[in-house]
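J.: Here's a structure for you.
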């Protein structure tokens, strides 16, 4: 720790206000992680207690809750894991529901297969075969089936993992995670397939082995088949209910994504490009950036079709945020904070944000000019209410910033833009000229050479039309200023905005995929049960048709059974779906309950699938020759 400055050479690492740094260390073998975590938390509190940052009443209340979280470093910094944690848990539950639907389908197939072997099993029982031995044989067959399915699933998982990552991280050549399942995951998946094979193969095996020899050998035996038919219907109802839950989830996440993407962000991404840069890495000192920024703006304005050029510490929707406490001069400290950005004169035009009061920055707002600020409407509302904020002064608040509340004069008000995330409501923001000092400008202990906010992090360029190969033009223009001034990352403004919805888009697509898969499985299950029922009722159908029943009456009779099972599934699935929304509404945007259109569409899709699954065996049953049907009996 003592050699940190020598190793890194960045003064902000020793600033007690720095909160974003990670500490990475190596522990001795055999060390208890919980004990070490408790000790580290105590040391952290002891270090924080005497700091001026923790002298006010609010900070003193927060200090006892301050703690250290130690996580294994093998997976790297936990940002991505934490960001995807809730969505991954949701996907686990969705996958489990699809697994249940698939298992119910397999159980139905095993029931049908067991019933078709009643005569064979009855002969074995009549010849002295024990019931347990018959169950073991049937269970072994289901385990073998599950094992082969598990192996096939593992093979498909490699392809599926790559497809999943392609959905999660589009337009990336290097994935941040590996697409190959680990041995632990492979073992768990294969073991799960075997366990489900046992659990869902046991009931069909017991039911098939329960046949009495004398009863089963009679051609008109109904008892066992009736029991199997009842279980089949229960499984189909379960499949329909789970499918509806997944369809509702898919509809809700699709609606959530649509609402989030169509929020009026008060930004304009048309023909706008963002080039992330690092002047510090190019060798520029804090005191040398002002002429650099002016040169950059002038060089890019010389390019045909370039309309506006803005530089900023960070740009909208790039997953970045700088914040501080705010105190208005001459007024009590409200203990409120705001996000802040430093930018050049054309920045607001370059991102499509409008000034609604006062003025934007100008080229005259330089390092030596009077410090000014532009605030958004939410900032004005929170700190000034209905008063006009123009002309008022404010600065950083909190310990260490006494006497600095008059650092910046408000000269303008802009729209409330969606700067960090559409989920962040009531987001107060203020903007400072890029080459002026931040709220610590009057601090004698914080010189300009320590002010990292003097460095621009991004260049925003508005053009009159799309320019093919614009990245090369930007790169060559920067290189003409300084060969070391390179592009860190380049993309269109629209791409940057779209990237903020990657998780939402992934969840919407996956829930739709799983919902469709569950629907197909449920339809297959319903088709199988309906077809099996129609075959069992062939003699009855023959009698009805021989007595003059119309073909449409036979179709209606078979369809009635299929639709009743679907309706029973709806009766269970609707309240379950409504109940489950409370557990996922935190991941939805402006949705707190199941709305009528989503539920209606989900019900309609399920009923349509049930009708299609039922009409095929119903039409086949109605096409039977009555004479042939009577001969079957």
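Note that Cβ sites are derived from N, Cα and C of the backbone, with glycine treated the same way.
Note that the structure is predicted; figures quoted are calculated from it, not measured.
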J.: Tell me which range among 185-209, 260-284, 285-309 TrEMBL lists as transmembrane segment.
T.: 185-209
J.: So, taking each listed stretch (90-112, 561-584, 596-616) in turn and counting its Cβ pairs to the transmembrane segment (513-535) that are under 8 angstroms, which one gives the highest count?
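T.: It is 90-112, which has the most Cβ pairs under 8 Å.
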J.: Of the residues in the domain 'ABC3 transporter permease C-terminal' (513-626), how many are helix, strand and coil by DSSP?
T.: 98 helix, 0 strand, 16 coil
